[in-house]
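Peer 1: According to TrEMBL:
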TRANSMEM  21-41  transmembrane segment
TRANSMEM  79-102  transmembrane segment
TRANSMEM  123-146  transmembrane segment
TRANSMEM  166-188  transmembrane segment
TRANSMEM  195-213  transmembrane segment
TRANSMEM  300-318  transmembrane segment
REGION    326-349  region 'Disordered'
COMPBIAS  326-340  compositional bias 'Low complexity'
């Protein structure tokens, strides 16, 4: 049961009462995902590591990818945990569009609230603020636990930091995407006004934001560029982006020059790209692992800006619609008539 000190007053209390089933579902989802991530961090990782060491007595780094019953379970749980945290924003967007706003407009609950001394703007503010509190708190907990799982399981890591799902689940950008899903869902509900169509619109809008984030992420921070005459080395753990050759005139040309895993200058399992015959050199660009944090922060700011624009658009749309549906109080009065409060418009004293 939620402590009374945490229960908001006024419209916020109404939001909790109307959507208490969604609240308990969210809390259950956060609890279940947290348990899975903690298992993968603790006993799951220990059992999988024991499986691996039985097959690689000289060290895991000297073996190819090992297999075993506990390794399989660990891989499955850690992968599903990453996918779940990375895709929470779609769940939030769909719920916000269909249930939070779309259904309330469709069944008249919102209009009923507006007739009970709650202005439309105050209603929408409560609809966004209360879920945002729980979404931010729950997503933050899951991100911290996911980070704990990843840091504790680097020896058995199945994916790199720059892969789409891992990146979106491993930092503050996960919270930003969840809040963006809430804002886009609310806007979709206001635009469509019906639950099921709003669900589809919200999911499509959130998918567009996520796809754009994946596409433009490498451009959010300056890349590291290296050149060489015979070959160049991309360090281990880096996100290898592009490569090509340097022509005799010094121009860079992007080509599919051969790149293979090699012992680079910054550790094993780097990437070495060799020059083509006739080229004077080769170049490559990449993001080192040290770029993880700045990329996270810049993308978080960009996604939160999209969320802020969606919230502003939602309030503007709601104000225009309610203003159009509420004719001025003076409409319908006979010319020269005096309002019920006894005041006269335009009269001089």
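Using N, Cα and C of the backbone, Cβ positions are placed for all residues, glycine too.
Where the annotation comes from TrEMBL, it is an automatic prediction and has not been curated.
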Peer 1: Short question: which residues 6 or more past the ends of the transmembrane segment (166-188) have a Cβ under 8 Å from it?
Peer 2: 81-83, 85-86, 88-98, 100-102, 124, 127-128, 131-132, 135-136, 139-140, 142-143, 146-147, 150, 159-160, 198, 201-202, 205-206, 209-210, 213, 217, 292-293, 295-297, 299-301, 303-304, 306-308, 310-311, 313-314, 317
Peer 1: How about long-range neighbours of the transmembrane segment (21-41): same chain, 6 or more residues beyond its ends, C-beta under 8 Å?
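Peer 2: Apart from its flanks, the transmembrane segment (21-41) reaches 74, 77-78, 80-81, 84-85, 91, 95, 99-100, 134-135, 138, 141-142, 145-146, 148-149, 152-153.
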